[in-house]
Every structure is written in structure tokens, then in C-alpha cells.
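S.K.: Dropping a structure here in C-alpha cells format, bear with me for questions.
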């Protein structure tokens, strides 16, 4: 078989897949359209742009996000390697300078001798002749969406996603805010609100003017990324239990406020901060008006406003096998958020897994599914499980893991150790089958 792979989309999944295949002597043509067609959320021409957040979530090996990153490191993830090198203070999270991250990752991909970058709007998938990985993410172009529909049928789905505002540090009134962190591993800027201030702010959110959605879009928010105003409209208590929770955010007098708005460092220069959990669909003038009612942010300068966008994904259980391969078209694979995984690390890791299977396909080798004792294996099993009637976007979590003896174990790191051991054994077998050196 011709050892060349066409990858559509230079996002997190596409770049991970390209890097893995290229490192295994596969020629990769990586197609990217963002220099030709702009969209409402991406701001630069660099690959793998981080739109919603600047964090790859917790590094704790007691939770799924931390375990998945450990699995990715073991699989030689480019995304995690670059993220580790661009790390900024983020409490227990792996937070990065988002521009530095995308820039450095782009440099690695563009300078790889086995990767050719092609700036082109791909509108047709040659599913008969090309070995293709579709990793176009949530912002797939209309032309390609139509051709994907031709390929897989009318089984594509979507949800509404949103991003948060970013403000300049020098516009914050530090007489009214303080530094604190829930996990004592890092510091966030905390804007405290008393009960009256909180209620007034919540009312402002509820009554603020939003960008109008179409009728069929109004009830399909992804629950992990709901706009702050949507939470407020559902119940003010959701704000106190979620993004405005004051728990363990004590001020300099060891006092816990009624509620808190957290600001997280967004760049290596420590000049920009994003509003944690404040994804929004408010009109831009309304964002400025409402957010400037928060104590300490009265003169806040917003350098990037929150926006909302539609995320497309396919009905993977009906379309893909465990290899992330289209069941009816064996030379077409999918990876990333378009498969129904949700989140940066979930998308990136699916790119690695798709690339492993593409390498096996090229070499006519058969490999087994990843063990469901690993986060990546369990997540892949979830999105490709034919028993799922209606796929909803899924972040990694411990509930989907296969861990029969967890509750008989006294090891609080049971899930991590189980994942580590089973992945190590799997990689050993994989290297023997594929001749790789992972």
C-alpha cells in the first residue's frame, strides 16, 4: 500500500496524528483551511489553536484528566510535550500560554520532513483512492460537511459551544481583588461579591441582550460549556455551585466571600487573564457592561470577547468501529471533536489512537482495541459503542473505566496504576506487531 496519508484539519487531533505517522516514516499531507477561510472564533493562522480555554485541565492522577495526560505522555504526545514546555501558573491544572503553545506546535509540524502542509479548502473526500483521516473538528466547512454527509449519511449531530472573555491584568483594580487557589498549588485572581452584589450581577446576566440563536439551536448546549447567562437563567444557585463558587477561596483575612469570580492567567507574560467558567453568548457591548459590574473589574479592558459557535460531530456508534475507521469505507478514519469526544486532551488523544490504527492498516496488521482500563480505551469504546442510542459529547471521566476491583483496593491511585499497567502491556504488544518503538 502507498505509504501516504491525507489528514484534513491541523487541529489538536490532526497534528497529533500527523506527528505520530510522520515519526513512523509515513508521508503525511496535512490540509488546513484557516488561512483561506476565517471563522468567528479562531484568531491566528497557527495550528491547534486553543479557543475556549487555555488549560488542559487537572494534572492530578486521582482524576480522569490527569490519567489521560499520563497516557498521552506515554504515547509520545506532541500536544502534551509542547504544553509542558509552555506551562504557566494554573493551580493544579496544566495551563499554557495559548499563543506560545500554538506557535511552537506549528513550528514542529511545519519543520517535520515527512509532513507536507497544503493550504486548501477540501470539499470532496476521495474515499476510493485516498487513505484519509478527517480531523476537521467542530468548525468543519460547509462544503466538507456536505461531502461527509454523502459519505456517512444523515447522521451528523451538533451542539452549541461558547468561549469566555479575556481581560488585561493592568485594567484590574487590585484594591478590590485578591489571590487564592482551591488546591493551594497556584493562584488565581479572585473578585469577591457579597450577597447583594451577586444577586444584582445575576439579574444583570439574566436580563442582558444575547446574540439570537435559531429556534432549533436553543436547547442543545453542551452541559460542560454552557454560557454563564444560561446557567443564571436556569438557577442562580448553579452559579454558586459552579463558576462563582467561593469554596476554599479564602481572602487575605481568611474570610470566604459569598461568591467569587476567578481570573486565570492566560499568557506567559502575565498580562492577560481569562474569566474562568464565563463562556457567554452576550452581545459584546453587554459583556462589557455586565462584567464591569464585578468588583475589581469596573475598568476591565476586554481584549477578546466571548463568542458562541456550533460544534459538529458525527453519530460515531453507527459509523465508526473501535479503530475510528468508517465501517463502510475502510480507508477513511475520523479523529477529534468531530467524533463526539469533548475537550482538548480528548480530541488530541483520539488523533494518536486513529494514527496507530492507520499505521496498522497501512502495514496490513491487526491490533486489538485499547483496554477499557485505560481512559483513552474507555473513551474510544464509549463513542463507538453501537449500544448507545443517541451519542452526546463526552469528556473523559472515571465512570466509563473498567475497574472491577477498585472498591476492594486501598490504593487511592488504583485507577491510575491500573491504567498505567494495562497500557504498558498493550504498548509492548503493539510494538511487536507494528515494529514501532513507542
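The first residue you see is number 1, and the count goes up from there.
Backbone N, Cα and C define each Cβ position, glycine as well.
Note that the structure is a prediction, hence the values are computed from the model and not measured.
So Swiss-Prot says this about it:
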type	residues	note
BINDING	9, 10, 11, 12, 13, 14	FAD binding site
S.K.: Return the residues near residue 12 (FAD binding site), defined as same-chain residues 6+ apart in sequence whose C-beta is under 8 angstroms from its C-beta, sorted by sequence, else 'none'.
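M.R.: Spatial neighbours, sequence-distant, of residue 12 (FAD binding site): 48, 79, 137, 336, 344, 347, 348, 351.
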S.K.: Identify, in sequence order, the residues in the chain of residue 9 (FAD binding site) that are 6 or more apart from it along the sequence and have a CB within less than 8 Å of its CB; answer 'none' if there are none.
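M.R.: Once residues fewer than 6 apart are set aside, residue 9 (FAD binding site) is near 31, 32, 134, 135, 136, 137, 140, 336.
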S.K.: Note the Cβ centroid of 9, 10, 11, 12, 13, 14, the recorded FAD site, then list each other residue of that chain whose Cβ lies within 8 Å of it, in sequence.
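M.R.: Leaving out the recorded residues gives 7, 15, 16, 17, 47, 48, 135, 136, 137, 335, 336, 347, 351.
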S.K.: Using a 10 Å cut-off on CB atoms, tell me which of the binding-site residues 11, 14 is the least crowded.
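M.R.: Counting other Cβ atoms within 10 Å of each of the binding-site residues 11, 14 gives the minimum at 11.
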S.K.: Could you list the residues of the same chain, at least six apart in sequence, whose Cβ is under 8 A from the Cβ of residue 10 (FAD binding site)?
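M.R.: Result: 18, 30, 31, 32, 34, 47, 48, 106, 109, 117.
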S.K.: Taking 10 A as the limit, how many CB atoms besides its own sit near the CB of residue 13 (FAD binding site)?
M.R.: 36
S.K.: Quick check: in three-state DSSP terms, what is residue 11 (FAD binding site)?
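M.R.: Looking at the DSSP assignment, residue 11 (FAD binding site) belongs to neither helix nor strand, so coil.
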